[in-house]
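S.K.: Take a look at what TrEMBL says about it:
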REPEAT    132-167  repeat 'PPR'
REPEAT    231-265  repeat 'PPR'
REPEAT    301-331  repeat 'PPR'
REPEAT    332-366  repeat 'PPR'
REPEAT    434-464  repeat 'PPR'
REPEAT    536-570  repeat 'PPR'
REPEAT    571-606  repeat 'PPR'
DOMAIN    751-822  domain 'DYW'
Amino acid sequence: MELTWLVLCNRSLFSARLMFSISVSRLVPTCRGRHVSKFLSSHRLCCQSFSSTTNTLQLPSDGFANDNRNDNIDFLFHSCTNVHHAKQLHAYLVVLGKSQNIFLAAKLVNRYAYLGDLSFSRRTFDSIPRKDVYTWNSMVSAYVRSGRFREALDCFSQFSLTSDLHPDFYTFPPVLKACENLVDGKKIHCRVLKLGFEWDVFVAASLIHMYSRFGFIYVARKLFDDMPIRDTGSWNAMISGFCQNANAADALDVLVEMRMEGIKMDRVTVASLLTACAQSNDISSGRLIHLYVIKHGLDFDLFVCNALINMYSKFGSLGHARRVFDQMEVRDLVSWNSIVAAYEQNNDPITALELFNAMQLRGIQPDFLTLVSLASILAQLSDSEKSKSVHGFILRRDWFVEDVVIGNAVVDMYAKLGAIDSARTVFEGLPTKDAVSWNTLITGYAQNGHASEAIEVYRMMQQCKEIIPNHGTWVSILPAYTHVGALQQGMKVHGRVIKNRVYSDVFVGTCLIDMYGKCGRLDDALCLFSQVPRKSSVPWNALISCHGVHGHGEKALQLFNDMLDEGVKPDHVTFVSLMAACSHSGLVNEGQSFFHTMQEQYGIKPSLKHYGCMVDLLGRAGHLNKAYSFIENMSVRPDASVWGALLGACRIHGNVEMGKIASERLFEVDSENVGYYVLLSNIYANFGKWEGVEKVRSLARNRGLTKTPGWSSIEVNNNVDVFYTANQSHPKCEEIYEKLRDLTARMKSLGYIPDLSFVLQDVEDDEKEHILNSHSERLAIAFGIISTAPKTPIRIFKNLRVCGDCHNATKFISVITEREIIHNSWSPDTIREETWQRRKSISGTRRLVRSKSVSDDDLEELKACIELGFGFDLPDVDRKLSDTLPALEFYHDVNKQCSKSLLTDGGDAEEMKTRLRQWAKLVACSVRESSSSSI
């Protein structure tokens, strides 16, 4: 080993520091054998270079003999950049016999903790025989800096119980930060009061932070108001506390008070206020603070620039965020993480990935927060291969142990990629799980169509007593209950929301609105809507969507007008909901108008969802050629949702040729979705082209695709029962089929004729009728009837579209059993009042009848008779609009002889049936023509 410094006798401080550092790093790797002897001899020579009167370093217990030696040791401490160097220095102090020195030992405790080795830090601390307050404070702070809060509190308790010393005002700030619950915080607060440190500015600021962290912001405000002296840190603590509790308005009020007292904002104040501006969506104040930053020369401060990037990204102002980033003279890892997250959170994953690559090229090593953003980026890009690489990178660094946030991000990544099994595997392997972990998995299952699994995970979460559900939990589980129609379970969640006083949260409230609306309880949805904040478009979008899916298109349009009247700006989701509502209600002109208004008036660029809605709107109305032409003229490449909408319209209107074209283009962009093969197969089957059916089915089988089985669910006595077609495994199977046979017989006596065209199999008619009677929705309805009290509403949810025959049968059953039946997205009004064609608005009939001077009472009778006329095989006959009035007069004639009760109870059924068929032909034809003319 080279010891070149031994021949140098330069007594300058610089040479001594440099060579002494080299000697320590080279000669004390193990402190054993010949290395020790060489080190000691070298040490003697080195010491001679410092003093001519001694051959050893003289280190008195209260410090060093002279400033040079003190500087040398300080230099060595600062030169320890890893644990290995710290151990070498520690060994050197042991050799000197100075490792028991309180001052040096405390520095070692801090150095080990700073370098991440808490075990050596604690061992060093335990080896000190007589500890002072500074030493105890050092150990407590070491635990807190490393995030080991429980050990910090235990160390503080040991300090209080085993020593004769008393904590000082340096003790309490880290201890208060370590408090993981309010009870511990209050205990520490009592100690503060007992020792008289409550008005120390550092301790008071720490108390403000502690109470703010646990949501007791007004306790924090009282402490702040009672402080006799406030420094900038105290003001920052109060502003930060309001920001943490999403109370941006009060944070800005504190700023006003601060300025009135002549306290200038520093970098911490600015960063907190920028967060407050982002929370309150107050971009004007944010820009004014940015102006203050420039005026006072803080625009090159690293901390402030990072906060500006975060603020502008929250506003979606990526251009401003990028400009701040580009103008930074110095960038750290936080800067790169902030700009990458900005693009990732604003749905620009391509740019975000480019920035991540640029970060790597500059040699910036990612941390786990970088990987959190990267996981989301790759999920947005649907890049499964790179996602696995990210997972492997995290595993190699054992970051799952380091922070639960990175584990949650990987679970979310796999869930968004559709790899829900992988998400579950990662979740189960997490060393620690918090509420966000459970919420992420629940959301993953719900968004991937596995509502039952989401509900099961929620039940498992409830069994973990240490996990407390939060806002995110309710937002995660309510869509799952909505999907399976578990209204009673959803109402229980609503009760917990009220109990926890979070019913005014806009996202929780919106999920409740969506649940009640989708389950057919539109009145309850409207009632909830009046109770949630309506300053954003989120609750409006939910309510518009609920009315749209139930066929209440005109009500959806009225809600949109009310939204504009209240000054709420619509977003891209608003127009998706509006156009979908128009599509379900046959409002073609209105839907097209919204598509243009969105672009011209609100500057919203159409996304593929908007294009898909337009194709669905035109296709449902029978304008297939227009829909195809619209697709051909799109400014972006159509995806599967666009071609799928056209294929679905071809299925409705039986256009085989257009269906072939749509399916060919569809399979080019998405050949793995079995639903599209089923649609094309059904188009062939409707026309009896069984060769085409077999060809499509073979194509799907060759690609390893299997059809998603249809199921229907019903909630009875707080349990959700799921039925599949021809289900034979239910405990009440025999009772269910017996009830169905009885219902079918009674329906046929009222004129029900099974529509065998909805059985898309090449079998005999008797077998087709048996298949219809075994559909999952009928099994669920029958189970609901035998399991609930008479006249109780029944809510059925199905994962696939309800066939037309089951729709008609449901209306017959509703009349026979005198029950409201809400089926999938059908409301009570839809089931009981819908005409022969749901998509045609009854408003066309209303306008027609009123034009003939018919009263509202007559109109209601007409609507009631229409409901009795459904289910008949109505021929497509040519009638004029004037036929509506004779049909109404014919109805009055029929009404004199029979009533709705006679129809259900018996009477001369054959005569009634014959006359009602004649009447229905007249009315249905007129309704058809009037509706077509209105569209």
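Keep in mind that glycine also has a Cβ here, set from the backbone N, Cα and C atoms.
Quick caveat, the model's predicted, so the values are computed rather than measured.
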S.K.: Please give the sequence-distant neighbours of the repeat 'PPR' (301-331): residues at least 6 beyond its ends with Cβ less than 8 Å from one of its Cβ atoms.
M.R.: 267-268, 270-271, 274-275, 277-278, 281, 283, 286, 290, 293, 338-339, 341-343, 345-346, 348
S.K.: By a Cβ-Cβ criterion of under 8 Å, what residues six or more beyond either terminus of the repeat 'PPR' (571-606) are in contact with it?
M.R.: 537, 540-541, 544-545, 547-554, 556-557, 560, 563, 613-614, 616-618, 620-621, 623, 635, 839-841, 931, 935
S.K.: Kindly report the helix/strand/coil residue split of the repeat 'PPR' (536-570) according to DSSP, in that order.
M.R.: 25 helix, 0 strand, 10 coil
S.K.: On the 0 to 100 scale, where does the mean pLDDT of the repeat 'PPR' (332-366) fall?
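M.R.: PLDDT averaged over the stretch: 93.
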S.K.: DSSP says what for the repeat 'PPR' (332-366): how many helix, strand, coil residues?
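M.R.: Tallied per class, the repeat 'PPR' (332-366) gives 26 helix, 0 strand, 9 coil.
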